[in-house]
Amino acid sequence: QQSDGDRDLQEHRQRIQALSEETAQSLKRNVYQNYRQFIETAREISYLESEMYQLSHILTEQKGIMEAVTQALLLQADRDDPALGARRAAAADPFLPLSAKDAAANEEGRQRTLTTLLEKVEGCRDLLPESPGKYLVYNGDLVEYDADHMAQIQRVHAFLMNDCLLVATALPNRRGAYRYDALYPLDGLAVVNVKDNPPMKDMFKLLMFPESRIFQAENAKIKKEWLEVLEETKRNRALSEKRRLEQEALPRPAPTPPESTNPFDEDEDEEEEDEPSAEEEVVDLSLEWIQELPEDLDVCIAQRDFEGAVDLLDKLNEYLADKPVSQPVKELRAKVDERVRQLTDVLVFELSPDRSLRGGPRATRRAVSQLIRLGQSTKACELFLKNRAAAVQTAIRQLRIEGATLLYIHKLCHVFFTSLLETAREFETDFAGNNGCYSAFVVWARSSMRMFVDAFSKQVFDSKESLSTAAECVKVAKEHCKQLSEIGLDLTFIIHALLVKDIKGALQSYKDIIIEATKHRNSEEMWRKMNLMTPEALGKLREEMRSCGVGNFDQYTGDDCWVNLSYTVVAFTKQTMAFLEEALKLYFPELHMVLLESLVEIILVAVQHVDYSLRCEQDPEKKAFIRQNASFLYETVLPVVEKRFEEGVGKPAKQLQDLRNASRLMRVNPESTTSVV
């Protein structure tokens with residue numbers, strides 16, 4: 001029975017395995033079929049998208065052809081029947097594109113079209129008042145693109161009048177209604193054709209200070225019409241303005257006086273005829289370059305041709321230098337002055353700290369030189385220095401704070417003083433003929449130095465670096481500051497004035513550390529000779545004492561590796577001389593008394609300790625050893641300190657001399673445990 005059961009179980013397992021394999025194969029077939037169906041569907045969708053794209057392209061071309069045919073038929077009909085053309089212009093929708101020839105319709109149709117425009121565009125009635133001479137020339141839909149990224153912004157409708165261009169945006173959910181966006185006078189508008197660069201095509205650019213806008217027409221034909229109509233309208237506007245100026249420039253005949261019965265009037269008339277005429281000389285403003293001057297200035301400003309704009313202004317000033325100031329000249333001057341203000345604003349923006357600070361001081365030379373030519377030297381100087389201050393501050397902020405303070409200070413000094421030197425040289429080049437600006441540069445240099453010292457002190461003194469590190473950092477800053485002497489600018493005194501507080505605090509802090517360490521060693525003093533154990537250690541100590549200025553140290557060494565001095569006195573000597581050497585690196589006259597008083601306080605700690613030990617010690621051998629240490633301190637260490645201080649400062653220190661002399665003549669009260677020095 002058991003064998004039959006095992007056999008049945010085995011058969012049952014085989015049937016289950018067969019069913020599992022069959023199920024897996026079925027699933028694989030279903031997945032494969034679904035995948036093939038998905039691929040076929042994707043191919044069909046891609047094919048349909050391609051067909052739809054080709055169909056839309058064909059429809060666009062056919063639409064352009066139909067519009068061209070319709071336009072040609074309408075023009076032909078207008079030529080055959082002018083009255084019919086006038087009625088069509090009056091009754092037509094004002095928002096359908098109009099050709100350049102439709103601008104010649106009768107005055108009644110123009111005024112009706114302009115009135116309809118004012119009704120359809122919200123927000124333009126107050127900005128665009130009705131006037132007898134204003135009429136609509138051309139209009140149509142355009143797509144605006146971002147000038148930097150060439151991304152589509154919005155759809156607009158542009159209306160070209162005989163003296164201005166109105167740009168309006170479509171109102172949502174209101175067909176045929178628009179909202180006012182911008183209004184540009186044709187006098188300050190420049191049109192630039194944008195070369196086709198697929199997929200960006202059929203575009204043109206409008207330049208007007210201080211901005212530029214890029215628009216895309218529906219097709220190449222409409223783009224061409226826009227360019228032609230804009231140029232023709234600007235040309236007509238310039239010609240009409242020229243004719244107006246010519247008429248105003250013509251001399252007006254004087255009114256005929258009434259006949260007089262006075263017999264003496266004839267004699268007076270003869271005398272008046274002999275006098276020179278008081279009528280002003282007529283200034284010829286009909287020259288082509290003068291008529292086109294405002295528009296040329298607009299183009300130069302829009303294309304950032306600052307030199308060309310200033311050259312045009314210089315040419316006009318030279319032409320009008322010896323001419324009388326008549327009314328037409330005043331009007332021309334008013335137009336030109338407006339362009340001068342625009343040019344000045346652009347140059348000011350070029351020098352603003354918000355602009356890119358790359359390129360160094362030379363990058364500002366172009367804008368600075370043009371401002372100087374425009375008579376704006378003071379403003380050019382102020383903006384140049386502000387620009388360079390922002391550049392220096394940005395360079396300092398971008399410095400990485402390294403783990404090693406001295407490495408960071410090297411980088412900081414290199415960046416700051418190199419920028420300061422380049423700025424000074426560029427300033428001397430740009431403002432060579434403006435001596436009054438140099439005082440502004442000195443003030444700016446002091447302000448920049450304060451910014452540098454703030455960053456310097458924060459890294460060196462606020463972080464509680466050692467006195468040796470602080471001395472090295474200050475030494476590096478002084479060496480870099482000396483580079484400015486190449487151009488006759490010495491700012492070392494400014495560094496001293498700004499750092500005196502921090503250095504004074506560092507000296508006093510390190511003085512307190514030495515005093516505390518000396519007192520701690522004094523409290524553990526056993527007055528024993530030093531055993532250095534090895535000749536190498538003794539040789540190292542000799543070298544250290546020699547570097548401290550103690551040349552006769554060999555007389556204090558004994559047999560083998562013994563030194564006939566106390567560890568406390570030797571440690572005090574090394575620490576005091578190290579403090580003096582580092583302090584002399586930081587020295588300048590304002591710190592003279594601070595350094596001198598710190599040295600006196602440190603020395604007094606050792607002197608008082610020796611004095612107290614001499615009076616308190618009863619052992620004759622130890623007392624003799626203390627006297628030997630006192631002799632080393634008074635006759636060797638103090639003279640070395642005094643000599644080194646005089647070498648570093650340049651003059652002797654009377655306080656140190658008095659301290660040494662008073663220490664030799666100690667008055668000791670045997671009954672007292674305090675010393676009198």
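Each residue, glycine too, has its Cβ placed from N, Cα and C.
All annotation found in TrEMBL is predicted automatically rather than curated by experts.
Here is what TrEMBL records for this protein:
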COMPBIAS  238-249  compositional bias 'Basic and acidic residues'
COMPBIAS  264-281  compositional bias 'Acidic residues'
DOMAIN    135-235  domain 'PH'
REGION    238-281  region 'Disordered'
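Residues of the compositional bias 'Basic and acidic residues' (238-249) grouped by DSSP class, helix first, strand second and coil last, total 12 helix, 0 strand, 0 coil. Counting same-chain residues at least six beyond the ends of the compositional bias 'Basic and acidic residues' (238-249), those with a Cβ under 8 angstroms from any Cβ of the stretch are 282-286, 291-292, 295, 326-328, 331-332. For the domain 'PH' (135-235), the model gives a mean pLDDT of 84.
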